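Going by TrEMBL, these are the annotated features:
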TRANSMEM  12-34  transmembrane segment
TRANSMEM  40-63  transmembrane segment
TRANSMEM  75-96  transmembrane segment
TRANSMEM  102-122  transmembrane segment
TRANSMEM  134-156  transmembrane segment
TRANSMEM  162-183  transmembrane segment
Amino acid sequence: MKIRKKKAVEQYSPIPYLTAVLNCAFWVLYGLPFVHPNSLLVVTINGTGLILELIYLALFFIYSSNELKMKVLKVLISELASIAVIAVMVLTTTHTHNKRTLIVGVLCIVFSICLYVSPLSVMKLVIETKSVKYMPFWLSLTSFLNGLCWTFYALIKFDIFILIPNGLGAVLGFLQLLLYSWYCRCTPTEDPEEKQHEISA
């Protein structure tokens, strides 16, 4: 909403959203019946997440500079192509659910960890600037709750591929919330430029 309001992405990073697209796409692949049967919840939730992340990226793309637009577009095309290639390879070279689950599950662990680790760059920026301006509270809270919910789901289903990355995600999300609570008091609630603009208006 801030990006849309200011019509500029400023220092907001597209990395978490690009990583989330890749992560959701792999989990959709993991939950499909011909890879890991009886995973309807995994497919529907991550399918919804994939759509939302693409919407976020579209918004980011609209208000980015031309140079950043090209970078985002190249990465997104590379991600979609990689997923397509991997899906074809898995389906054509492996013929049992166990093997497909293992291969796609390991990939899901890798990219899920990348998703949860990607905000570390933003956390570094928060520490350096002593400001949470570019680390939205709701994104941090959602990350924590998402990791926590999937951790409980993995424990119930005894799914190690879901448990490992989401357990780590819950921990990192909690650390983001701690960081937010520490530095939010140092962050101005309103940019001086915005305030001056409102006064002038």
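Even glycines carry a Cβ here, placed using N, Cα and C.
Comparing 12-34, 40-63, 75-96, 134-156, 162-183 for CB pairs under 8 angstroms to the transmembrane segment (102-122), the maximum falls on 12-34. Within the chain, the transmembrane segment (134-156) has long-range Cβ neighbours (under 8 A, six or more residues past its boundaries) at 10-13, 16, 41, 116, 119, 122-123, 125-126, 162-163, 166-174, 176-177, 179-180, 184. Note: the stretches the transmembrane segment (12-34) and the transmembrane segment (162-183) are not in contact (fewer than 3 CB pairs below 8 A, sequence gap of 6 or more).
Sequence-distant contacts of the transmembrane segment (162-183) (same chain, at least 6 residues past either end, Cβ-Cβ under 8 Å): 42, 108-109, 112-113, 115-117, 119-120, 123, 126-127, 130-132, 135, 137, 140-141, 143-148, 150-151, 153-155.
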